[in-house]
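Novice: The structure's right below; bear with me while I get my questions together.
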Amino acid sequence: MAPGSTILILLLLLLLGVPAAPALGDPGPLEDVVIDRYYIPKICLREVQMGDFIRYHYNGTFKDGKKFDSSYDRGATVAGVVGVGRLITGMDRGLQGMCVNERRHLIVPPHLGYGSIGVAGLIPPDATLYFDVVMLDIWNKNDKLQITTLSKPEHCNRTVENSDFVRYHYNGTLLDGTPFDSSYSKDSTYDTYVGTGWLIKGMDQGLLGMCAGEKRSIIIPPFLAYGEKGYGTVIPPQASLVFSVLLIDFHNPKDGVFLEHLEVPESCKRRAVTGDFVRYHYNGTLMDGTLFDSSYSRNHTYNTYIGKGYIIPGMDQGLQGVCVGERRRVVVPPHLAYGENGAGNKIPGSAVLIFDVHIIDFHNPADPVEIETVYRPEDCNVTTRDRDFVRYHYNCSLLDGTKLFSSHDYEKPQEVTLGTNKVIEGLNSGLLNMCAGERRVLIIPPHLGHGESGARGVPGSAVLRFEVELISMEEGVPEGYLFIWHGDPPANLYEQMDLNKDGEIPADEFSTFIKTQVVEGKGRLMPSSDPEKVIADMFQNQDRNQDGKITSEELKLKSDEDQEKIHEEL
């Protein structure tokens, strides 16, 4: 024997606590197993002990290198129990203390192997056996599930319970790290119920108490996995399984919509109910935070009726009772969302959806204009009516405070004759019955505003808020009139209007006469910012042949024209 070999054997015998042979000459027969731990993993969570179940591969040879047995050649690992006499004594001793993935060379003397009898046709009597062993799995019948939390969200309002439906990703390996399955390779989560027998017992237990977004390592002993039979060609019999699990989401079939009120305005005069039309912004995410849709990305609110089936049932429920300006989180289980089929390529089947919504405004198609009087003068005796000419200041905004228009941006107040369709219907209504100096806040629903289409700078279906102040008012005239008499008109109207008595009335003569009637309080013009234009329109209406003068045959009172159904004047 070479000197180096002698030294190695002596060292090994010393390490094992076996008395060494003399340093010179043949060391003689071995008294115990010689163990060479030629590969030890950096991490060793567990070592083989008496009574443990193990799985391992090996090659068995004689001293001359001739192979007498190999688990590799059979294509199957060896499984057994250490220290109960089911293995030859040398293997029982040589395997103790091994780690998973550790590799050892074992030299087993005959009296710890097959002794003086051997194995007929395979192992001769008094043969020393050489084994090259790699440990693949270790477990014990007293083992429990080993759960290690790798990461966990800061906020966890709910954890998995029995009968919950879970969606999770996983990587599955044997204890030695050999992969056998992965949901990631299928590009799809594994979806199933927990605690109903659809999973191996170890996974049923290992998923309990998890939060959405939590990541766990779950080590499952064989008796809580596939046991003695294994599974197909990928999971050997008596194999411990290691699952790295990321819980995407979960729900229970009995779940309703879960609401979280993130921000509720201090003042909430009204809450949305079935039949209301709501405009809101939202971000829609899965439970793991994956964004699947956002109204903000389109720079446009989502507009819909609630409680009428136009949106998924969960949102129909989740938007009930919202206030304008409220921010709310709506968690919708799949049976109240898109169910097992999902939607498109962004919402998987059986996915829980989370909507973070911001309510911009809402209204009901039956809503009138809401009027709040902020200030009303005490000496308020005369109020506005249709056909009155009014001057007013206003600030217009959306209900979320977005400013749209203001008369203060111009040099003078806004002017309009009420009831002439010159302003939106809701503003016209809100300006009626006001006193000069009065201030109001008007809430105008879209059907009395700019409707579904909106207007320049005004979104479709928007509720508008007006702050108005009536600066002044002038009494109007009935519809179709440009001038009315305060009493009966003169019996000889044409003669009085023909100031120079030449039998015809030109424009300047007509204008002078009308202005005189106004100054003397006998009549009044339709109020306008341009009285001259009103008088010019009156003259043009009376000058029926457009020859620049009015004859006695052309001049007619408005009351006479109404009877004749010709057109409107005086």
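For all residues, glycine too, the Cβ spot is worked out from N, Cα and C.
Note that TrEMBL annotation is computational and uncurated.
Note that this is a predicted model, so its numbers are computed, not measured.
So TrEMBL lists these for the protein:
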- 1-25: signal peptide (SIGNAL)
- 51-139: domain 'PPIase FKBP-type' (DOMAIN)
- 163-251: domain 'PPIase FKBP-type' (DOMAIN)
- 275-363: domain 'PPIase FKBP-type' (DOMAIN)
- 387-474: domain 'PPIase FKBP-type' (DOMAIN)
- 492-520: domain 'EF-hand' (DOMAIN)
- 530-565: domain 'EF-hand' (DOMAIN)
- 539-570: region 'Disordered' (REGION)
- 544-570: compositional bias 'Basic and acidic residues' (COMPBIAS)
Novice: Hey, which bits of the same chain come close to the domain 'EF-hand' (530-565), Cβ under 8 Å, at least six residues off its ends?
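Specialist: For the domain 'EF-hand' (530-565), the nonlocal Cβ contacts are 480-483, 489, 493-494, 497, 503-507, 510-511, 514-515.
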Novice: Report the DSSP secondary-structure composition of the domain 'EF-hand' (530-565) as helix, strand and coil residue counts.
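Specialist: Result for the domain 'EF-hand' (530-565), in helix, strand, coil order: 19 helix, 2 strand, 15 coil.
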Novice: For the domain 'PPIase FKBP-type' (51-139), how many residues does DSSP put in helix, in strand and in coil?
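Specialist: Output for the domain 'PPIase FKBP-type' (51-139) reads 14 helix, 37 strand, 38 coil.
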Novice: Provide the three-state DSSP residue tally for the domain 'EF-hand' (492-520): helix first, then strand, then coil.
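Specialist: Counting residues per DSSP class in the domain 'EF-hand' (492-520), I get 18 helix, 2 strand, 9 coil.
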Novice: If I take every residue in the domain 'PPIase FKBP-type' (51-139) and average their pLDDT values, what number comes out?
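Specialist: On average, pLDDT over the domain 'PPIase FKBP-type' (51-139) sits at 95.
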Novice: Please count the residues of the domain 'PPIase FKBP-type' (387-474) that DSSP assigns to helix (H, G, I), strand (E, B) and coil.
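Specialist: Output for the domain 'PPIase FKBP-type' (387-474) reads 12 helix, 37 strand, 39 coil.
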